[in-house]
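Visitor: Pasting in a structure now, in C-alpha cells, and then I'll have a few things to ask.
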Amino acid sequence: MTPSLVFLIVVIVVVEGQGWRPWDRFNHPGNFGNWGGNNWGTRQRNQEPHDIPPPVPPPGFRGNNDRFGGNIIKVVEIIDLGKSKNRGDILSDFKDVHKKHRHLGRKEWKGKVKQFCHRFPGHPNCRRGKVPDQKELEEMIGQFSKGGIGRFLKRVPKIYIEDPLARVDPKLKGFLENAGRGFGHVSSEHVNKLRDICKRRKCREQPESAKKTRELFTQKLADFETKIAGKDKTDSVQLRFDRTLQIKEALLEKGNLTADIVPVDNGVYDLDTMLTEEQANILLNELNKAGVGDDEIPLPDADTDDEDDDDSTNSASGAAPGSSRLKKSALYFEGNLIKKWDPSSPIRYVLDSSLEDLDKNDVRAAIYEIEKNTCIRFKELSSPPTGSHIVYYKVDSPTFCGLSYVGRADPANPVYLSFGCDNNKGVAIHETMHALGVAHQHLRNDRDQFITINWSNIDPQQYDAFVVVDSKLYTSYGVKYAYDSIMHYNGYTAAQNIAIPTMNPKTNSAVNLKVLGQRQKMGTTDIELLKKMYCQPGCDDKNVYCGAWALKDLCKNPGHDQYMAANCKKSCGLCAIGK
C-alpha cells in the first residue's frame, strides 16, 4: 500500500463536523458516513431519499451509483500537494531557498523581496527604505517564529461600529446577559482546560495538513477570481487568509492562550467558511486590532506599475489604496458584515465542469429544497455571468465536506464541495445557506442555554470553531435555537477523542445528540430564518438585538410591546407573511 493511500485512510476520521459522523463507528456500525462500516466504498443512493422532493425531479437524476471508486486516484492526487503549484506563497519560497542554501541572482532576489514586502509591509526588514540583502534571509524568516502575523500585514483599517444599545431603554439592556462580554470572550475555567490539553499534546506545531489546505484553496480562489477580474488576484487571496490567521491569533490572545496554542493556518474560519477582507477587518476591529500593521514603503528601484490597485488594499472603511491614515465609516448591523442577495431577482448559479452528473443532481436538489420552502429563486446558467453569482466546484478531498463564504461576496461566490460526505444534498444546502448569509447554529450568542461545550475534549488549535458570534453583528430574528438545524455541526466536531462529544444538548441529550449535524433536510427554523431574511421586503428590525428580545417574549410584554412593535417588526413576526 502506498504512503498516500495510507494517509487517505487515516485522514477520514478528521473531516469537519458536517456530514461525517465518526461516532457511528462506536454506536451505529455500518454507517460511517458513506465510506465506513459494511458498505465501505459503496455509494448507496437508495439510502439518501430526498425528504422534501422537488416538484419535478432535478435534471440528470439517477438511482444508485458508486462515485467513490472513480475518484480515488483524484483524491490521492489532491493529498499529494507537494507536487502542485505553490501559487504566490512567498514565505514558503523563502523558507525553501534558505533550506536548500540557494543563492538567487540580484534580479530574482529583488523581485521576491518586493513580493515579500508587499505582502508583509510591517516586517522590520521592509521598513528600512532599502532592499534587504539576501544575507538577511534567515533573520527575515525567523521573525515569524515569534508569532503575531498581524504586525507584519497591511494596517487594519479603523471602522466605527455603532453601539446598538446607545439609545435603548436601560431595562431592555437587562435582558441581554452576554451583551457586555464582547466577541471572543472565554472564561478562565475554559482557558485552564485548554491549557491542560496542551500539556498532553503539541499545540504549537502547525499541522502539515493545514499548509496543504491553504495551498489548495489559495490556488482555487486565485484562479477563480483571476478569471473574473482579468488580473492576478493571488495577493488579495493571501491577505484574506493572513487576516483569518490574524483573527484566530487575536482570539487566543484575548484568552491569554498565545503562549500555549498556535492556531491552524489553513485559510479557513470555523472549519467550513471563508472570510471576505471586509468581514475580517470588522472582526479585527471588534478584537481591538484596528491600526495594527503598517503601510507599505516602496522599495528603491522597484517597479511602480504593479498590481497594487487590486482590492487587497481596499478596506471596509473605504480607505483609499496606499492611505496612511485611518478612516472611519459607520457599520450598520444588518448591512455590512453579511451582504445579502437581491430578493427581487433569481440568484444565478453555475455548476462547474468538475462536477459529475450525480454531483450536479445533489446541488440541484439542494436548490430545489430551498426554493420549495421559501420565496428565494435561483437560475442555473451554463457559464459565469457578470455580476454576483454562485459557482459550485468539486474538490476531491477526504478532509472536508464543503467550504463557502457567509453572505454575498465580491466578485462572486465560489462554493467548494467534496461530495464525499454523508448526504451530499444536505451539505450543499448547508453551504448554500452560508452563501445566503446564514451562520452556524451552534455559534449563536444563546447557544450555552442549549448545549454544553466539553472544553476538555476540543482541539485547542481549532478554538475558533467554538467561539460564539459577535452579538452586535448577528441577529437571530427571533428564530428559536434548534438541534435539528441543518446549520448545526455534529456533537463530535473538532474532538480530540472522537468517542467523546464536544457538544452535548442540554435537553433530551441522548436523543438530540444523534440529531446534531443532520444533513437530511432543512429544519423548520432554517426555513423560518430564510423567510425572515429574504421574504419580507420593506419590513426590517431597527436594532440587532431585536431577535434576542423577541426570544425573551418581549414582543407582547406590556412594558416593552410598543417599542418592539415599532422597532422589531421582523423579529416579532409583524411583517407581511412571505412564502
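Each residue, glycine too, has its Cβ placed from N, Cα and C.
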Visitor: Just confirming the record: what cysteine out of CYS535, CYS539, CYS546 does Swiss-Prot connect to CYS575 via a disulfide?
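Guide: Checking Swiss-Prot, the candidate bonded to CYS575 through a disulfide is CYS539.
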Visitor: In Swiss-Prot, CYS375 is paired in a disulfide bond with which of CYS401, CYS421, CYS535?
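Guide: Of the listed candidates, Swiss-Prot names CYS535 as the partner.
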Visitor: Pick from CYS421, CYS546: which cysteine does Swiss-Prot list as forming a disulfide with CYS401?
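Guide: If we follow Swiss-Prot, the cysteine bonded to CYS401 turns out to be CYS421.
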Visitor: Choose one of CYS546, CYS555: the cysteine that Swiss-Prot connects to CYS572 by a disulfide bond.
Guide: CYS555
Visitor: Within its own chain, what residues at least 6 apart in sequence put their Cβ under 8 Å from the Cβ of CYS539 (disulfide bond), listed in sequence order?
Guide: LYS569, LYS570, LEU574, CYS575, ALA576
Visitor: Report, as a single number, how many Cβ atoms besides its own are within 10 Å of the Cβ of CYS535 (disulfide bond).
Guide: 18
Visitor: Could you state the CA-to-CA distance between CYS535 (disulfide bond) and CYS572 (disulfide bond) to the nearest Å?
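Guide: About 15 Å separate the Cα atoms of these two residues.
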Visitor: May I have the DSSP-based helix, strand and coil counts for the residues of the domain 'ShKT' (539-575)?
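Guide: Residue counts for the domain 'ShKT' (539-575) by secondary structure: 13 helix, 2 strand, 22 coil.
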Visitor: Which one of the disulfide-bonded residues (CYS546, CYS555) has its C-beta surrounded by the most other C-beta atoms within 10 angstroms?
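Guide: Within the set of disulfide-bonded residues, the most crowded position is CYS546.
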